[in-house]
């Protein structure tokens, strides 16, 4: 009989404070902390601490289970109101662009460098093989992507394609560029998503994507159109290829966490790596959208070689400045441990 009496007395002595805390929490949940009155805001933390103490005592002396469950629920709700970060969508977006994204890129520089090296290695190897034997081109470039732009195409035909002068199927630059953009988007997506499989798929995709680029460069150099082709590619390719490398770096980071978790469990290492990896994926998606705009407008409107270079590398410089300079304020170094985005 003593336990029920003790439980009732315990609840009666504290129930008024619990109800007041519940009312304050409910008001904060509905209207936000900024709408609380001065008295409610002042009492919130004090009542929360009293409730947690009551919960500790209730568990210690094995009070009525209903009381314990009520206090657990109340304390959990109050904790979220008192300590959980509350920020508007516009604030989250602003913080992502001003701090979170560039910091994640800088922290991921080793993975980005590895992704760049793999792409460059594939490009150089395919260029050397295709320059030595043009038949290698077909080993690296799918027929749909080549669309007649292979070793058998004449220099004049390739030049008309680059400058948008040919209205024949070979000169359907828009269709080719759209296919190329779609292909590169898929490469970025798969290189990120499959990197978790111990990096292997991401490595293969980076080598393969670089090989296709190298093969295309080789056939244009063979026709003395190397600079012209690079000018056409640069206007959107600097942003597009950088996006693929950044997305792939996210995948490599996940795979590295699986391979070398260190003192953490694999799941814990994966969660930690995933914080920056997700940010890299979002950055890559934004860059691919910008590349699509540059490709859709630039390749149709801008045909002068130096203008293409200026637009392409100007965009690249803009990305580099964002990644290098943004988010270097006070406390930026430790932000990865505390911020959710």
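Using N, Cα and C of the backbone, Cβ positions are placed for all residues, glycine too.
Annotations in TrEMBL come from automatic prediction, not curation.
These features come from TrEMBL:
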type	residues	note
TRANSMEM	109-129	transmembrane segment
TRANSMEM	187-208	transmembrane segment
TRANSMEM	229-257	transmembrane segment
TRANSMEM	277-298	transmembrane segment
TRANSMEM	305-325	transmembrane segment
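The stretches the transmembrane segment (109-129) and the transmembrane segment (229-257) meet in space: the count of Cβ pairs below 8 angstroms, excluding pairs fewer than 6 apart in sequence, reaches at least three. Sequence-distant contacts of the transmembrane segment (277-298) (same chain, at least 6 residues past either end, Cβ-Cβ under 8 Å): 96, 100-101, 104-105, 108, 177, 181, 184-185, 188, 192, 195, 235-237, 239-240, 242-244, 246-247, 249-251, 253-254, 308, 311-312, 315, 319, 341.
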